[in-house]
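Here's the structure, in structure tokens; my notes come after.
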Amino acid sequence: MENGEKAAETVVVGNYVEMEKDGKALDIKSKLSDMFWHGGSAYDAWFSCASNQVAQVLLTLPYSFSQLGMLSGILFQLFYGILGSWTAYLISILYVEYRTRKEREKVNFRNHVIQWFEVLDGLLGKHWRNVGLAFNCTFLLFGSVIQLIACASNIYYINDNLDKRTWTYIFGACCATTVFIPSFHNYRIWSFLGLLMTTYTAWYLTIASILHGQVEGVKHSGPSKLVLYFTGATNILYTFGGHAVTVEIMHAMWKPQKFKSIYLFATLYVLTLTLPSASAVYWAFGDLLLNHSNAFALLPKNLYRDFAVVLMLIHQFITFGFACTPLYFVWEKLIGMHECRSMCKRAAARLPVVIPIWFLAIIFPFFGPINSTVGSLLVSFTVYIIPALAHIFTFRSSAARENAVEQPPRFLGRWTGAFTINAFIVVWVFIVGFGFGGWASMINFVHQIDTFGLFTKCYQCPPPVMVSPPPISHPHFNHTHGL
């Protein structure tokens, strides 16, 4: 077994070559560039996973707690954190299996980024590829939309002179600059800074809520309605389903086989941010959060809050790049530009991908409810059901299990234990996440459309203050003047 793993490691060490280097082998002349730009270590992968996972959901989790109640909110975070870590592990196993098989066949991945749909194609055939491609691309499309909506929602709490739709136009143009980032190999400094930013924001939410104290007459009535309960649960499912970019992150690593437990450790860190912040904000504001899906809306405006807003804006730009970069790769492959040596040509070719994202963010600016809808309809399949089923079908034969590059952990019961966990995930997520969650999220989403309408200029903005006109002055007549 050890010899097999060493052989696999030798094969999978990889031939990753930077695409922005005009096809030349990676030759880093500048130590500064090496430090900030070229990342491929296990630490880089950990920062990427943790930074990408927590994103803007940090601001909507208190809203989910108001729908679920404190106890259910905490339990669902722990539960979906475990499930998400397991399916990320499955994706990493399938990637290593696929890449090992291909490199044993002397396939060269120079200037080519392996993606999830290609793993499914190589292991299970074109039908799996098509299903995986459809779900993955749709999820990443709406994941990018959510980041754009979050940018507009957050900046409004600093500058409300412009409505949220106008801010969406502005940040759509800003986020389009991510077309110049070649791959996940180049997110080293951004991932590091992104995690620092969300760490500050999480602890700001926690400390500010505790110092603020409970509002007068605070109520914690959740869970009050079944629809709200499953809507909140699917937002948490979405929170820990951020591993749709796992394959791309792994491919950027120098030793992808080291990824196996990285997502688990990233999740453990993320829980130290999400549990205290969501609990503290819900404790302080209670049911008020039901009508304020962004936690910033209820906290007093001061320098600390404004700083947190700015940091989250920068982080959402980074997360937009995380979600959109795999879409850039798919589009490049579709139009035959993926292996182009000119980064400028590839950047120009990527721009059409941003246009539908921009448009959808303007149509559906429902910050909060859209997370649950995407979670139930897309995340449930993309990062939970499909990876679990793919693992079962890839290793369904005894020969495939015997020749597998990576064996399941012994403490989980090897193949029997792994398949049992996979089956449980498929059934649970399909019934609870997609079934009940989809029903609840769609009802809530339609309610937002009925209440605010499509293309709404300023979702959940306070009504404008009506300034009363000055009193009309009447001329004073001296009735005794003519007497």
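Note: Cβ is positioned from N, Cα and C throughout, glycine not excepted.
Considering the side of the membrane named for each residue in Swiss-Prot, P223 and K260 do not coincide. Noted from Swiss-Prot: of N371, N478, the annotation N-linked glycosylation site belongs to N478. Tertiary proximity for the transmembrane segment (262-282) is limited to same-chain residues at least six positions away from its ends with a CB under 8 Å from its CB atoms, namely 42, 45-46, 49-50, 53-54, 57-58, 61-62, 64-66, 70, 73-74, 77-78, 81, 84-85, 88-89, 92, 198-199, 201-203, 205-207, 209-210, 220, 239-240, 243, 246, 289, 295, 298-299. In terms of DSSP secondary structure, the topological domain 'Extracellular' (283-306) contains 16 helix, 0 strand, 8 coil.
Look at the topological domain 'Extracellular' (152-166): DSSP puts its residues at 7 helix, 0 strand, 8 coil.
Between the transmembrane segment (227-247) and the stretches 131-151, 351-371, 423-443, Cβ pairs under 8 Å are most numerous for 423-443.
Counting Cβ pairs under 8 Å that are 6 or more residues apart, the transmembrane segment (307-327) and the transmembrane segment (74-94) reach fewer than 3 and are not in contact. The helix, strand and coil residue counts that DSSP assigns across the topological domain 'Cytoplasmic' (328-350) are 16 helix, 0 strand, 7 coil.
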